[in-house]
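Down below is the structure, laid out as structure tokens.
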């Protein structure tokens with residue numbers, strides 16, 4: 001009989017094992033048996049908790065997305081400056097949080113992006129994540145520029161964040177998070193300057 005309270009622990013253990021297996025051999029070769037070996041459990045446990053490999057991959061991506069949301073929220077909550085530029089900066093920082101850029105997390109993200117083109121459940125997760133990033137950026141940009149400009153700025157910065165992340169994740173040495181953050185912040189400042197609202201966006205009590 002399983003111990004009371006073991007399920008959350010076991011689920012986290014299997015999610016970490018999934019990321020480790022994908023990091024080691026890629027998604028296609030990350031079999032249920034290999035994941036189970038990484039976790040030190042029987043393969044039947046995966047079916048018991050997740051219904052199989054697809055369910056486990058979905059749970060793994062939900063965990064990474066939760067980590068991303070938490071990283072952004074923590075940075076925004078800690079802000080002493082309520083300016084749009086500060087909030088957008090926190091969003092940038094959260095997207096390059098260590099939970100998103102380690103080898104296992106990065107390779108799991110890449111596997112997720114590829115699989116989402118063919119698996120509706122993963123495609124929905126990807127859509128929700130994309131919309132959340134765009135909506136959060138757009139809301140802050142709209143505080144200092146017209147709606148049409150804010151939408152364009154949000155699309156541009158979201159693409160910049162995704163592009164920096166993707167290029168970094170595909171390099172043999174891995175993603176340089178510090179460089180990616182610097183480039184994204186630089187692009188943000190260029191956007192604000194282009195739309196003529198750098199000063200307003202940097203001030204919490206602008207009119």
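Glycine is treated like the rest: Cβ placed from N, Cα and C.
Feature annotations, reproduced from Swiss-Prot:
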DNA_BIND  31-50  DNA-binding region
DOMAIN    8-68  domain 'HTH tetR-type'
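Per-residue pLDDT, averaged across the DNA-binding region (31-50), gives 92. Sorting each residue of the domain 'HTH tetR-type' (8-68) by its DSSP state yields 50 helix, 0 strand, 11 coil.
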